[in-house]
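K.L.:
Below are the features I grabbed from TrEMBL:
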| type | residues | note |
| --- | --- | --- |
| BINDING | Ser14, Asp17, Arg44 | substrate binding site |
| DOMAIN | 6-157 | domain 'PurE' |
Amino acid sequence: MADEAPAVGIIMGSQSDWETMRHAAECLDGLGIGYETRIVSAHRTPDRLYAYAKRAAGRGVKVIIAGAGGAAHLPGMTASMTRLPVLGVPVESKALSGMDSLLSIVQMPAGVPVGTLAIGKAGATNAGLMAAAILATHDEALAERLDAWRQRQTDGIADKPE
Ligand code: RP5
(Lines of atoms letter the chains of each structure in order from A and count residues from 1; the text may use other names and numbers.)
(Lines give C-alpha, C1' and ligand atoms only; values in the text may rest on other atoms or scores of the structure.)
Protein backbone atom coordinates (compact mmCIF):
# COMPACT_ATOMS: atom_id res chain seq x y z
CA MET A 1 0.00 0.00 0.00
CA ALA A 2 1.53 3.32 -1.04
CA ASP A 3 0.17 5.34 1.85
CA GLU A 4 0.46 2.71 4.58
CA ALA A 5 0.11 4.24 8.03
CA PRO A 6 1.58 3.47 11.44
CA ALA A 7 -0.66 2.16 14.23
CA VAL A 8 -1.48 5.54 15.78
CA GLY A 9 -2.52 8.81 14.22
CA ILE A 10 -1.93 11.88 16.38
CA ILE A 11 -3.89 14.79 14.99
CA MET A 12 -4.30 18.29 16.39
CA GLY A 13 -6.13 21.45 15.50
CA SER A 14 -3.14 23.77 15.39
CA GLN A 15 0.62 23.99 15.57
CA SER A 16 0.04 25.53 18.99
CA ASP A 17 -1.37 22.20 20.21
CA TRP A 18 1.92 20.38 19.61
CA GLU A 19 3.39 21.58 22.91
CA THR A 20 0.67 19.47 24.58
CA MET A 21 0.35 16.66 22.06
CA ARG A 22 4.07 15.94 21.94
CA HIS A 23 3.59 14.22 25.30
CA ALA A 24 1.44 11.60 23.58
CA ALA A 25 4.14 11.17 20.95
CA GLU A 26 6.88 10.85 23.58
CA CYS A 27 4.84 8.18 25.36
CA LEU A 28 4.49 6.18 22.14
CA ASP A 29 8.21 6.62 21.43
CA GLY A 30 9.00 5.14 24.83
CA LEU A 31 6.85 2.10 24.12
CA GLY A 32 8.12 1.53 20.60
CA ILE A 33 4.79 2.27 18.92
CA GLY A 34 4.72 3.82 15.47
CA TYR A 35 2.71 6.98 14.89
CA GLU A 36 2.15 9.83 12.48
CA THR A 37 1.40 13.45 13.33
CA ARG A 38 -0.83 15.84 11.37
CA ILE A 39 -2.32 19.29 11.87
CA VAL A 40 -5.97 18.82 11.01
CA SER A 41 -8.35 21.61 11.98
CA ALA A 42 -12.09 20.98 12.10
CA HIS A 43 -12.71 24.65 11.31
CA ARG A 44 -9.72 25.86 9.30
CA THR A 45 -9.07 22.72 7.21
CA PRO A 46 -12.37 20.82 7.10
CA ASP A 47 -11.54 19.04 3.84
CA ARG A 48 -8.28 17.78 5.36
CA LEU A 49 -10.21 16.49 8.35
CA TYR A 50 -12.69 14.70 6.12
CA ALA A 51 -9.95 13.08 4.06
CA TYR A 52 -7.92 12.02 7.09
CA ALA A 53 -10.83 10.54 9.03
CA LYS A 54 -12.34 8.76 6.04
CA ARG A 55 -9.04 7.17 4.97
CA ALA A 56 -7.42 6.37 8.33
CA ALA A 57 -8.81 2.86 8.84
CA GLY A 58 -8.09 1.83 5.27
CA ARG A 59 -4.50 3.05 5.57
CA GLY A 60 -3.92 0.85 8.62
CA VAL A 61 -4.29 3.32 11.49
CA LYS A 62 -5.63 1.47 14.55
CA VAL A 63 -6.18 4.30 17.04
CA ILE A 64 -6.54 8.06 16.59
CA ILE A 65 -5.48 10.55 19.26
CA ALA A 66 -7.07 13.93 18.57
CA GLY A 67 -6.17 17.06 20.51
CA ALA A 68 -7.82 20.45 20.22
CA GLY A 69 -8.59 23.52 22.27
CA GLY A 70 -11.45 25.99 22.65
CA ALA A 71 -14.41 25.00 20.50
CA ALA A 72 -12.74 21.63 20.17
CA HIS A 73 -14.73 19.83 17.49
CA LEU A 74 -11.86 17.82 16.02
CA PRO A 75 -12.18 14.63 18.10
CA GLY A 76 -15.95 14.37 17.73
CA MET A 77 -16.00 15.16 14.02
CA THR A 78 -13.21 12.65 13.47
CA ALA A 79 -15.14 10.01 15.42
CA SER A 80 -18.21 10.70 13.30
CA MET A 81 -16.33 9.62 10.18
CA THR A 82 -14.42 6.54 11.34
CA ARG A 83 -15.07 3.38 13.34
CA LEU A 84 -11.56 3.58 14.82
CA PRO A 85 -11.28 4.38 18.52
CA VAL A 86 -10.76 8.12 18.93
CA LEU A 87 -9.08 9.43 22.09
CA GLY A 88 -9.75 13.12 22.70
CA VAL A 89 -7.28 15.40 24.44
CA PRO A 90 -8.64 18.77 25.61
CA VAL A 91 -5.86 21.30 25.10
CA GLU A 92 -5.63 24.01 27.75
CA SER A 93 -7.03 27.22 26.27
CA LYS A 94 -5.98 30.73 27.25
CA ALA A 95 -9.47 32.12 27.79
CA LEU A 96 -11.08 29.32 29.79
CA SER A 97 -8.15 27.14 30.90
CA GLY A 98 -9.35 24.18 28.87
CA MET A 99 -12.80 23.83 30.39
CA ASP A 100 -14.21 24.83 26.99
CA SER A 101 -12.06 22.18 25.30
CA LEU A 102 -13.05 19.52 27.84
CA LEU A 103 -16.77 20.12 27.58
CA SER A 104 -16.62 20.36 23.78
CA ILE A 105 -14.95 16.95 23.58
CA VAL A 106 -16.59 14.99 26.39
CA GLN A 107 -20.27 15.72 25.74
CA MET A 108 -20.74 13.53 22.69
CA PRO A 109 -24.24 12.39 21.76
CA ALA A 110 -24.95 8.68 22.27
CA GLY A 111 -23.83 6.69 19.26
CA VAL A 112 -20.53 8.43 18.45
CA PRO A 113 -18.00 7.86 21.24
CA VAL A 114 -14.83 9.79 21.99
CA GLY A 115 -12.66 8.53 24.83
CA THR A 116 -11.95 11.82 26.57
CA LEU A 117 -8.81 12.29 28.64
CA ALA A 118 -7.76 15.01 31.09
CA ILE A 119 -6.95 18.60 30.11
CA GLY A 120 -3.40 19.21 28.94
CA LYS A 121 -0.19 17.27 29.44
CA ALA A 122 -1.70 14.56 31.66
CA GLY A 123 -4.40 13.91 29.08
CA ALA A 124 -1.92 13.72 26.21
CA THR A 125 0.32 11.32 28.12
CA ASN A 126 -2.62 9.17 29.12
CA ALA A 127 -3.93 9.16 25.56
CA GLY A 128 -0.62 7.63 24.53
CA LEU A 129 -0.90 5.06 27.29
CA MET A 130 -4.52 4.31 26.41
CA ALA A 131 -3.61 3.83 22.76
CA ALA A 132 -0.87 1.45 23.90
CA ALA A 133 -3.33 -0.47 26.07
CA ILE A 134 -5.74 -0.86 23.14
CA LEU A 135 -3.01 -2.08 20.81
CA ALA A 136 -1.60 -4.37 23.51
CA THR A 137 -4.81 -6.42 23.54
CA HIS A 138 -3.59 -7.96 20.27
CA ASP A 139 0.20 -7.60 20.68
CA GLU A 140 1.85 -9.68 23.40
CA ALA A 141 5.28 -8.05 23.01
CA LEU A 142 3.74 -4.61 23.43
CA ALA A 143 1.76 -5.85 26.44
CA GLU A 144 5.04 -6.86 28.07
CA ARG A 145 6.60 -3.45 27.32
CA LEU A 146 3.56 -1.72 28.78
CA ASP A 147 3.70 -3.86 31.92
CA ALA A 148 7.41 -3.03 32.27
CA TRP A 149 6.66 0.69 31.83
CA ARG A 150 4.07 0.51 34.60
CA GLN A 151 6.47 -1.37 36.85
CA ARG A 152 9.20 1.25 36.32
CA GLN A 153 6.69 3.94 37.23
CA THR A 154 5.78 2.08 40.41
CA ASP A 155 9.44 1.49 41.29
CA GLY A 156 10.11 5.22 40.83
CA ILE A 157 7.72 6.31 43.58
CA ALA A 158 9.60 6.98 46.82
CA ASP A 159 8.32 5.66 50.14
CA LYS A 160 8.83 9.02 51.85
CA PRO A 161 9.04 12.63 50.68
CA GLU A 162 12.53 14.16 50.73
C1 RP5 B 1 -8.11 25.17 18.06
O2 RP5 B 1 -7.91 26.49 18.42
C3 RP5 B 1 -6.77 24.51 18.18
O4 RP5 B 1 -6.94 23.17 18.52
C5 RP5 B 1 -6.06 25.30 19.23
O6 RP5 B 1 -6.06 24.63 20.49
C7 RP5 B 1 -6.86 26.57 19.34
C8 RP5 B 1 -6.04 27.81 19.07
O9 RP5 B 1 -5.41 27.68 17.82
P10 RP5 B 1 -4.36 28.78 17.34
O11 RP5 B 1 -5.09 30.07 17.28
O12 RP5 B 1 -3.23 28.80 18.35
O13 RP5 B 1 -3.89 28.29 16.00
O14 RP5 B 1 -8.61 25.04 16.78
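Along the chain as shown, the residues are counted starting at 1.
Placement of Cβ uses the backbone N, Cα and C atoms for every residue, glycine included.
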K.L.:
Can you list the residues of the same chain, besides Ser14, Asp17, Arg44, whose Cβ falls within 8 Å of the substrate site's Cβ centroid?
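P.N.:
Same chain, not in Ser14, Asp17, Arg44, Cβ within 8 Å: Met12, Gly13, Gln15, Ser16, Ile39, Ser41, Ala68, Gly69.
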K.L.:
Would you please pick out, from the binding-site residues Ser14, Asp17, Arg44, the one with the fewest other Cβ atoms within 10 Å of its Cβ?
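P.N.:
Comparing Cβ neighbours within 10 Å for the binding-site residues Ser14, Asp17, Arg44, Arg44 has the fewest.
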